[in-house]
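Peer 1: Submitted below is the structure of interest, expressed as structure tokens.
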Amino acid sequence: MTKEKWGQLRQRLLKTVGQNNYTNWIEPIEFRAANDGIATFDVPTTFLGNYVSQNYADLILHELKTEDPSLQRLRFAVPAHVGAGAEAAPAAEQRPEAPRTSKQAANNVLTTAPLDKRFTFDTFVVGKPNELAHAAARRVAEGGPVTFNPLFLYGGVGLGKTHLMHAIAHELRERRPEMNVLYLSAEQFMYRFVQALRDRKMMDFKEIFRSVDVLMVDDVQFIAGKDSTQEEFFHTFNALVDQNKQIIISADRAPGEIKDLEDRVKSRLQCGLVVDLHPTDYELRLGILQSKVEQQRVNYPDLEVETGVLEFLAHRISTNVRVLEGALTRLFAFASLVGREINMELTQDCLSDVLRASERKITVEEIQRKVSDHYNIRLSDMIGPKRLRSYARPRQVAMYLCKKMTSRSLPEIGRRFGGRDHTTVMHGVKRIEELKAQDGQIAEDLELLRRALEE
Ligand code: ADP
Ligand code: MG
């Protein structure tokens, strides 16, 4: 193995791991030497070395072995000359106040987890479900006086929490380069904490953490149940709040709902601004898809997307944005491979598994609930025996929707409407079908309800 050879192998890794991971993790490591079956790489920080070792070691070793089959193991080491001020690190390096030059010091440099270049405000599509979270993120990204502390963002998987946090970090770095902005996941926080304990470097850990201007901790639910990490987090948190430093936290649920989180931590987390990212709606999904298509254009300038495809996807894939994005990426890759345009047929072929997985099972109960809400009547009245028109019509609408939107049989539906006979259900469905053609109001109700149920 030689440095030149590594340079070539690296290019192959680029293809496997993608540009982003490559820039963040592979590019910063440098081949130093290989002997006794061990290949040694120089890494700018211990953190990076550990990360690469945990996530890419197999892949790297596999590539190296094509060149030198005797290699058995990889080692990542921080070279002695890399100090706090070294520029070799990826993404951003946080520098402690006092310049340190020893190898030890390098271990204490706080590394911001790599920021995804694509996660900026420019690429974040704003819609009703996320407008508040977006506005709050924009505000803290201005880097002005701290008005709410912490900013607590929460929401389900894939709704854009990490995207917004990275966007804040990018923006702050641009506007306020003098600020020490530290972004990391709660898991990394714990990892560094444990490492500091093990290496007896708690003083350094505290000192460095408390010297940041903006601290962002992603997925804080991770520290629930991890008592000593929680404790340390709490102290760090308080120290920063006392100094009026901005803290931004994300989690998959509201502070009060995180199990195994101490009450004092919960209440601390709640004392700033808590905003949630709601599940996406159809309009937002469509907006995101349109914006992602524009981004795909860079890679596939010639691919046409037939009208209707994006609408179809926005309609059918309502789980989370990550799945939506993945579907689109696959669609483009597939279309370019087979040299066809992206139309409905190709979409169905290429995404059948995703589409099947995200097929939502709508239940009779859901329909009953939505319909009774819509007509402002009690659920019990809709299901019960009353024959008043104001109950009977909604009942028939609900029966009709159950027939159209679930796979339940007429007798089954009848049973769930207070034990009615299947002929009653059949009659109801027919009646609504007739009315739909004549009565604009009914048609509109049906359309509204169908959309609400499909969200
Ligand atoms: P979370 O951290 O909430 O699980 P992420 O921030 O990782 O979710 O988002 C998952 C993916 O979806 C990312 O690729 C992100 O860019 C994308 N995404 C989520 N919300 C939006 C949005 N509003 N506009 C554009 N992309 C989004
Ligand atoms: Mg996330």
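Even glycines carry a Cβ here, placed using N, Cα and C.
For reference, TrEMBL lists these features for the protein:
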REGION    1-86  region 'Domain I, interacts with DnaA modulators'
DOMAIN    147-277  domain 'AAA+ ATPase'
BINDING   G158, G160, K161, T162  ATP binding site
REGION    336-455  region 'Domain IV, binds dsDNA'
DOMAIN    363-432  domain 'Chromosomal replication initiator DnaA C-terminal'
Peer 1: Provide the three-state secondary structure of K161 (ATP binding site) computed with DSSP.
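Peer 2: Helix, per DSSP.
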Peer 1: Restricting attention to the domain 'AAA+ ATPase' (147-277), give the mean pLDDT.
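Peer 2: Within the domain 'AAA+ ATPase' (147-277), the model's average pLDDT equals 92.
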Peer 1: Only counting partners 6 or more residues apart, tell me which same-chain residues put their Cβ under 8 Å from the Cβ of G160 (ATP binding site).
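Peer 2: Expected: F124, N130, A133, L277, V321.
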Peer 1: Please count the residues of the region 'Domain I, interacts with DnaA modulators' (1-86) that DSSP assigns to helix (H, G, I), strand (E, B) and coil.
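Peer 2: Within the region 'Domain I, interacts with DnaA modulators' (1-86) the tally stands at 46 helix, 16 strand, 24 coil.
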Peer 1: Taking only same-chain residues 6+ apart in sequence, whose CB is under 8 Å from that of G158 (ATP binding site), what do you get?
Peer 2: T319, N320, V321, R322, V323
Peer 1: For a quick check of packing: other C-beta atoms within 10 Å of the C-beta of K161 (ATP binding site), how many?
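Peer 2: Excluding its own Cβ, the number within 10 Å is 24.
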Peer 1: Suppose we draw a 10 Å sphere around the Cβ of T162 (ATP binding site). How many other Cβ atoms does it contain, all chains included?
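Peer 2: There are 21 of them.
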Peer 1: Given the recorded ATP site (G158, G160, K161, T162), which additional residues of the same chain have their Cβ within 8 Å of the Cβ centre, ordered by sequence?
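Peer 2: Along the chain, the qualifying residues are G155, V157, L159, H163, L164, S250, L277, V321, R322.
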Peer 1: Just give the helix, strand and coil counts over the region 'Domain IV, binds dsDNA' (336-455), going by DSSP.
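Peer 2: Residue counts in helix, strand and coil order: 88 helix, 1 strand, 31 coil.
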